[in-house]
Amino acid sequence: MTNPLIGVIGNSLLLLMFLPVLKHFSYSGFYKLDSLKHVKDVGVQTPWGRPSSNVMILALPSGAQIAFIARHGINHSITPSEVNGQANIAALKHVGVKAIVAFSAVGSLREEIKPGDFIIPNQVIDRTKSIRQHTYFGLNQGVVAHAMFGEPFTTELSSFIAPLVKQVLPSGLNLHTNHGDRDSTLVCMEGPQFSTRAESRMYRQLGADIINMSVIPEAKLAKEAELGYSLICTSTDYDAWRMNEEPVTVAEVIKTLTTNAENSKFVAQNVLQHVHDAISANKIPSQNGSMQFSIVTSKDKFTKESKEKLSYILPDYFK
Ligand SMILES: *[C@@H]1O[C@H](CO)[C@@H](O)[C@H](O)[C@H]1NC(C)=O
Ligand SMILES: *[C@@H]1O[C@H](CO)[C@@H](O)[C@H](O)[C@H]1NC(C)=O
Ligand SMILES: CC(=O)N[C@H]1CO[C@H](CO)[C@@H](O)[C@@H]1O
């Protein structure tokens with residue numbers, strides 16, 4: 001059996017849409033026919049602990065396999081600040097994944113990004129508060145490394161995915177991406193509470209288009225682990241910036257979230273096979289080697305412990 005080449009990180013709703021037959025979900029099973037097949041669950045213990053869920057190996061209709069992690073746990077019981085990003089990314093790397101297609105619900109900071117619309121951002125503003133472990137380096141292990149993060153997502157992967165998403169969007173919904181020198185910017189806040197109106201308006205002034213609580217540290221850790229990473233977002237609401245509207249209600253978010261998860265499932269099914277094929281044919285450049293010049297500490301200073309730990313994600317440098 002070959003390793004899964006792509007990893008998917010999404011919420012448990014997305015998984016539910018893939019696998020309506022999972023026992024502990026009571027779901028109508030309406031989508032049974034076109035769902036992905038569950039091959040097996042892999043319980044992975046990484047040097048940074050356990051991922052949010054087992055790594056679920058799912059088969060596409062062609063038989064190609066993907067690896068899925070439910071970001072907030074299978075029962076959605078892990079808050080964005082509690083998600084163990086280090087373990088999630090390391091676990092996907094460990095099972096052989098080369099690139100990650102992540103899904104996230106976001107709030108919209110722009111009138112033209114309507115609830116239900118899809119967004120593939122190319123830039124990030126980090127407003128998390130360093131209570132999440134956001135790097136594999138430092139942490140008293142004696143290895144210093146600085147990953148490039150000017151392009152927080154894998155540009156080639158995102159531009160490969162965009163037309164595929166567009167193809168299957170239900171009519172009335174739009175896909176928003178960067179164009180020309182206009183970035184598509186995601187601001188990542190700590191949460192778990194949503195923004196105040198003042199914060200929401202500040203993010204608009206900073207040039208942000210959408211907001212969520214999940215892309216950091218995922219995108220940073222994927223870079224450090226030399227994995228491709230792109231994010232497909234679905235807008236649930238208008239956050240809190242609109243003066244003459246009620247701020248986002250949780251009920252509104254959950255309702256749109258469910259519809260969005262259904263749409264995300266169709267998008268995922270159209271996208272994943274193509275991404276798998278492109279990665280196996282080397283049509284999307286590999287991230288292998290991208291950390292080559294980032295590690296500042298010289299090899300002879302690595303401790304036995306740091307080598308053991310870091311070789312889990314970067315065997316070429318820490319063997
Ligand atoms: C999820 O919830 C079910 C009960 O609904 C429980 O049996 C199961 O252990 C939970 N799984 C995890 C991983 O928390
Ligand atoms: C990745 O790049 C390193 C050099 O940085 C090379 O030694 C290694 O063979 C490459 N691995 C793969 C899987 O291409
Ligand atoms: C506005 C906002 O933060 N939206 C989402 C961002 O990400 C978290 C975690 O995935 C979602 O639960 C939020 O609804």
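A Cβ is built for glycine as well, from the same backbone N, Cα and C atoms used for every other residue.
According to TrEMBL, the phosphate binding site annotation covers S12, R71, H72, S104, A105, S214. Of all Cβ atoms in the protein chains displayed, 19 besides its own lie within 10 Å of the Cβ of H72 (phosphate binding site).
Annotated substrate binding site per TrEMBL: M213, D237, Y238, D239, in sequence order.
Summarising the annotation, TrEMBL assigns domain 'Nucleoside phosphorylase' to 38-269.
According to DSSP, S195 (site 'Important for substrate specificity') sits in a coil region rather than a helix or strand. Feature annotation from TrEMBL assigns site 'Important for substrate specificity' to S195 (among others).
Sequence annotations record features per position, and here TrEMBL assigns site 'Important for substrate specificity' to V250 (among others). Long-range C-beta contacts of V250 (site 'Important for substrate specificity'), restricted to its own chain and to partners at least six residues apart, with a cutoff below 8 Å, are absent. According to DSSP, V250 (site 'Important for substrate specificity') is assigned to a helical segment.
Here TrEMBL flags 6-22 as transmembrane segment. Proximity of distant same-chain residues to the transmembrane segment (6-22), defined by a Cβ-Cβ separation under 8 Å and at least 6 residues beyond the stretch ends, is recorded for 28-32, 35-36, 38, 53, 56, 58, 66-76, 88, 92, 95, 97-105, 218, 227, 257-258, 261-262, 264-265, 268, 272, 275-276, 279.
Other C-beta atoms found within 10 angstroms of the C-beta of M213 (substrate binding site) number 22, with every protein chain shown included. A105, M213, S214 are the recorded positions among S12, A105, M213, S214, D237, V250 whose C-beta comes within less than 6 Å of an atom of ligand 3, given in sequence order. On its own chain, S195 (site 'Important for substrate specificity') has G107, M189, Y203, I211, D239, A240 as residues at least 6 apart in sequence with a Cβ closer than 8 Å to its own Cβ. Comparing S214 (phosphate binding site) with Y238 (substrate binding site), their Cα atoms are 17 Å apart once rounded. Restricting the average to the domain 'Nucleoside phosphorylase' (38-269) gives a pLDDT of 92. A 10 Å cutoff on Cβ-Cβ distances gives S12 (phosphate binding site) a total of 21 other Cβ atoms nearby, all chains included.
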